[in-house]
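Notes to accompany the following structure.
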C-alpha cells in the first residue's frame, strides 16, 4: 500500500488574529505525489468571520519556482469580497517556535473573492529544507499568522479621543536610526534597527536577539535568503 502524506492542523489565539499550523508528515512522499503547480490544501479555518485555507506546494507553485516550496493563503468564504489581511508564514523548529530568518510577511493584501490567493512562490528552497533540522522524521511544520483588518463603523461618541500616533513615532525612530543597536546585512544593503522594538513586536526577533542565539546576534546579522526590499517591508510592518 502506498504511503500517504498526513496533514495535522492546530489553531491557537482568538478574535481577528489567529495562527494556523500546517504539519506535513511524509514530506518525501508529498514531493512525489504533488507535481509543480499541484498544492497540498489544508482544512478550512476561520479568522475574522471568514474561512481560509493554506496551499502548500512541495514542488513550487509555478514551473519557474520548481526548486522551491511555495506557500499561499487563500480566501475560502463563498460570498466574501475585498477582505484586507496581514499574514506571515514561518517554518517551525523542533520546539514548535518560528525559525528566525525563515519568516515571510505579506502586508495589507486584499483578497477579492473566494479562491483568490496570495503568498510566496520562493518561500524556501527544497535543497535548504532537505539539509536542515526543520525537517524532522520526514515531517515539516509551517505556521501562518493571519490578521483580518476590518472597517470600524462609527457610532455615537461620548468622548473624543485623538488617534494614536505611536506608529508615526516608531517610523521616525526607524528612519532616524537614533540609538539603533542592531545591524542587518540583506541583499547588499545595510539596515539598522532597535533590538527592544523588534523583540516587543515579533517573537521571531525576540528569539534571535534575546534567546539562545543572542550571542550570535551581537555583531551584524547576515540574511542571505531574503531580498532587501522584502526585509525593508518586514521592518516597517513590525
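Along the chain as shown, residues are numbered 1 onward.
Note: Cβ is positioned from N, Cα and C throughout, glycine not excepted.
No curator has checked TrEMBL annotations; they are predicted automatically.
According to TrEMBL, the protein carries these features:
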| type | residues | note |
| --- | --- | --- |
| DOMAIN | 17-146 | domain 'MATH' |
| DOMAIN | 180-238 | domain 'BTB' |
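The average pLDDT computed for the domain 'MATH' (17-146) is 93. Taken through DSSP, the domain 'BTB' (180-238) splits into 29 helix, 13 strand, 17 coil. Mapped onto DSSP helix, strand and coil, the domain 'MATH' (17-146) counts 15 helix, 72 strand, 43 coil.
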